[in-house]
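Engineer: Below is one structure. I have some questions about it.
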Amino acid sequence: MKWLVLLGLVALSECIVILPLKKMKTLRETLREKNLLNNFLEEQAYRLSKNDSKITIHPLRNYLDTAYVGNITIGTPPQEFRVVFDTGSANLWVPCITCTSPACYTHKTFNPQNSSSFREVGSPITIFYGSGIIQGFLGSDTVRIGNLVSPEQSFGLSLEEYGFDSLPFDGILGLAFPAMGIEDTIPIFDNLWSHGAFSEPVFAFYLNTNKPEGSVVMFGGVDHRYYKGELNWIPVSQTSHWQISMNNISMNGTVTACSCGCEALLDTGTSMIYGPTKLVTNIHKLMNARLENSEYVVSCDAVKTLPPVIFNINGIDYPLRPQAYIIKIQNSCRSVFQGGTENSSLNTWILGDIFLRQYFSVFDRKNRRIGLAPAV
C-alpha cells in the first residue's frame, strides 16, 4: 500500500508547481557580525504557540535563524514580496504602506489603493512571536504563488512591527493547520485546496545545503528527483502544528535525549535544532562542546571525529552527521543545537532547516502525515 501511495504522488510530479527558494544570511549571522547576538539571545523565550480570537501567539516562532525565502505576489496588478514559507505558523502577512515602524522602511510594503481586487476586512490583528510582534488589520486580495492563484485570500497587513528590522524577508506565509490561524480566516494552502488548485493537497521542501540557489518548495505533488530511496511516512500527532512523535535521540549507540519518547515540530521557519536545555546540554557534553558567548563551540580539529546524532522517528533512524550539525564560522565551529523549549507543555523538539537539508520533506494535509527521505 505504501508503494501505491508513493507512485501516486510521484505520478503527480508533472502537475506540481515548483517555486525556487533562496538561501539568505540569517539574522543570527548578521547580529554576530555586529557583536549584538548576546543581547538578542538574552531576551528570547520559547513556548508553544496558541490562538485566541484575533490575537495569535507564536512565542516559539523565532526568525533569528530563518534562511530560505521565496517570492509571491498580492493584488491586481501584482505587487511582489519575499516571504518565508513557514510550516510553524498559519497566517499570511506583509507590511502595509502606511506602516510607520523602522522595519517597514527596509522592506517592501503593500499599497491597497494600487490593487483593484483588494478588500479591507477591517478586523484588527496582533501576532506575537518569540522574536517580535506585528499589529495591523486584515485584508483580502488575490495571492499568487508561482502559477497558483488564491482568490479572495485573507491576509494581514502590518501597521507596526517590532523585531523584524534586519530580517531578510518582507512577510510570512504560514503553512500550518487552520487551527493555528487567525480566527475566521482561511490559510492560503486551504484556500488553494478548496478552489481545486491542485489534485493532491501536499507540499514539499528541498533545501540545498551550501548554495544560495537550488532550494525549492513544491505544491500539489512530489518530484522524486529531489530525494533518494522511498518516502517514510510519519503520522502527525496533533492537528495544529506539523508535529510528530519521536522515539529517541542517540549518539554512539547510547540514548542521550528523548529516552521515553517526545514530540518534535518540523519547522522550515528556523535553521537550528531546539530542545529542552538540560537535554541539549547532555548532547553538548558528548561533543566536548564549551559555552562561548551564548553558543556552544567545539574544536574544529575534532569535528571529523564526532559521532552522528541519530533521531529515531517512527522506528526509522535519521542520522545527522557532524558536518551538518557543526557550522564553521571564520575560525569557530559552532553547534546548531539550542536549548529553551522546556517552557512548552510537552518535551518538545524543533527540527529546523539543518535537519531538513538532509531529508526531503513532504507535508500531506489530507492524510495528516509527513514523509521523509534522504535528499539528493
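Using N, Cα and C of the backbone, Cβ positions are placed for all residues, glycine too.
For reference, Swiss-Prot lists these features for the protein:
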type: SIGNAL; residues: 1-15; note: signal peptide
type: CARBOHYD; residues: Asn51; note: N-linked glycosylation site
type: DOMAIN; residues: 68-373; note: domain 'Peptidase A1'
type: CARBOHYD; residues: Asn71; note: N-linked glycosylation site
type: ACT_SITE; residues: Asp86; note: active site
type: DISULFID; residues: Cys99-Cys104; note: disulfide bond
type: CARBOHYD; residues: Asn114; note: N-linked glycosylation site
type: CARBOHYD; residues: Asn248; note: N-linked glycosylation site
type: CARBOHYD; residues: Asn252; note: N-linked glycosylation site
type: DISULFID; residues: Cys258-Cys262; note: disulfide bond
type: ACT_SITE; residues: Asp267; note: active site
type: DISULFID; residues: Cys300-Cys333; note: disulfide bond
type: CARBOHYD; residues: Asn343; note: N-linked glycosylation site
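Tell me about the surroundings of these features in the structure.
Structural biologist: In sequence order, Leu19, Glu80, Phe81, Arg82, Val83 constitute the residues six or more apart from Asn71 (N-linked glycosylation site) in its chain with CB-CB distances below 8 Å. Reduced to three states, the DSSP call for Asn71 (N-linked glycosylation site) is strand.
DSSP assigns Asp86 (active site) to a strand segment in the three-state reduction.
The DSSP secondary structure for Cys99 (disulfide bond) is coil.
Taken residue by residue with DSSP, Asn114 (N-linked glycosylation site) is part of a helix. Taking the Cβ of Asn114 (N-linked glycosylation site) as centre and 10 Å as the limit, one finds 12 other Cβ atoms among all the protein chains shown.
Listed in sequence order, Val255, Ala257, Cys258, Ser259, Gly261, Asn312 are the same-chain residues at least 6 apart in sequence whose CB falls under 8 Å from the CB of Asn248 (N-linked glycosylation site).
Other Cβ atoms within 10 Å of the Cβ of Asn252 (N-linked glycosylation site), summed over all protein chains shown, number 11.
Classification of Cys262 (disulfide bond) by DSSP places it within a strand.
According to DSSP, Asp267 (active site) is assigned to coil rather than to any helix or strand.
Cys300 (disulfide bond) falls within a helix when secondary structure is assigned with DSSP.
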Engineer: I need the nearest neighbour of Cys300 (disulfide bond) among the recorded positions Asp86, Cys99, Cys104, Asn114, Asp267, using C-alpha distances.
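Structural biologist: Closest by Cα: Asp267.
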Engineer: Near Cys104 (disulfide bond), which residues of its own chain have a C-beta under 8 A away, given they sit six or more steps off in sequence?
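Structural biologist: Result: Pro95, Cys96, Ser158, Glu161.
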Engineer: To see if you understand the setup: which same-chain residues, six or more apart in sequence, place their Cβ under 8 Å from that of Cys333 (disulfide bond)?
Structural biologist: Val297, Val298, Ser299, Cys300, Val303, Ile326, Ile327
Engineer: Can you see whether DSSP assigns Cys333 (disulfide bond) to helix, strand or coil?
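Structural biologist: Where Cys333 (disulfide bond) sits, the three-state DSSP reduction gives strand.
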